[in-house]
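The transmembrane segment feature in TrEMBL is assigned to 7-28, 58-78, 99-118, 124-144, 165-198, 204-223.
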Amino acid sequence: MDTIHKLKIFVMFLSLATFTVMVILNAGNATGLFKGLFRTTPGNISAKYNTDFTPAGWTFLIWNVIYAWQLAWLLYALSGICRRNELGCVYIKPDLLPIPFYVMWILNNGLNVGWLFLWDREYLLPALVFLAALTLTTCAALFISHQVLSIHSSWLVKGHKAELWLIRILVQNGLVLYATWTAIATLLNFAIVLIYKWNVSNETATTASLSILALNLVIWFYLENFVLDKYVRYNLTIYPVVIIALTGSACKNFSFSSPTTNGIFIGDYEDFGKGLEKSNGTRE
């Protein structure tokens with residue numbers, strides 16, 4: 001086995017190891033098991049730094065789905081070490097998940113852990129930076145995956161369609177799910193920084209975050225339909241995540257008896273997200 005093969009196997013197992021540590025720390029932090037390591041839970045801090053954008057507690061159960069999906073693609077990737085095709089070992093031929101992809105993932109796990117400690121110590125601005133960087137590394141891994149898959153898609157279509165769809169469903173949609181949720185979480189953290197660090201009103205900060213979200217959705221809808229269609233046609237987990245996040249936010253912050261401007265915006269944006277999802281489904 002040559003050096004590049006050994007290095008590839010090493011980063012694959014390191015990816016699983018860093019992911020495992022990250023999930024354990026997240027679970028321990030959320031449940032209060034690691035009291036000596038963390039001062040409080042993320043939920044308590046979210047309650048302390050509340051905004052009109054903060055979703056209901058049940059919304060955060062999506063983390064269970066996110067981490068389960070990431071574990072699924074990691075195990076799928078590792079299975080390639082034991083599987084072969086006519087070119088050789090599946091994990092390297094073709095190299096559908098190259099070393100830079102795993103480097104981005106390992107860095108992502110490190111940023112996730114870093115955010116946990118920064119959020120726990122209430123370093124709001126550094127936590128925002130780490131969460132934004134976390135989202136960007138997920139997007140970078142996605143970019144690498146889409147680029148490599150487009151190179152090998154013709155070969156996969158001819159005789160390895162199962163492999164093609166496993167990459168699309170497990171890897172790409174799993175990462176899209178993760179990136180979308182952390183992007184929304186970044187906007188929530190941005191609102192928190194505006195309110196509690198820079199003394200912006202709750203209403204203005206929430207409106208700013210919601211406006212950025214709406215703008216990003218419009219830009220993404222254009223890109224996925226008219227620029228990146230051949231790459232991202234099968235990325236289907238973006239709009240469901242947006243709808244879940246906005247539904248959770250509406251459940252917590254909207255009141256029929258005394259509706260606020262942002263409460264109405266959230267309801268409108270939720271319908272907007274559903275409309276984009278429906279339009280995207282029609283395109284498919």
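Cβ atoms here come from the backbone N, Cα and C positions, even for glycine.
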### Task
Rank 58-78, 99-118, 204-223 by Cβ pairs under 8 Å to the transmembrane segment (165-198) and hand me the top one.
58-78
### Summary
Maximum Cβ pairs under 8 Å to the transmembrane segment (58-78) among 7-28, 99-118, 124-144 is reached by 7-28
#### Entry: Intrachain residues whose Cβ lies under 8 Å of the transmembrane segment (7-28), provided they are six or more past its termini
34, 37-38, 63, 67, 70-71, 74, 77-78, 81, 91-92, 95, 99, 102-103, 105-106, 109-110, 112-113, 116
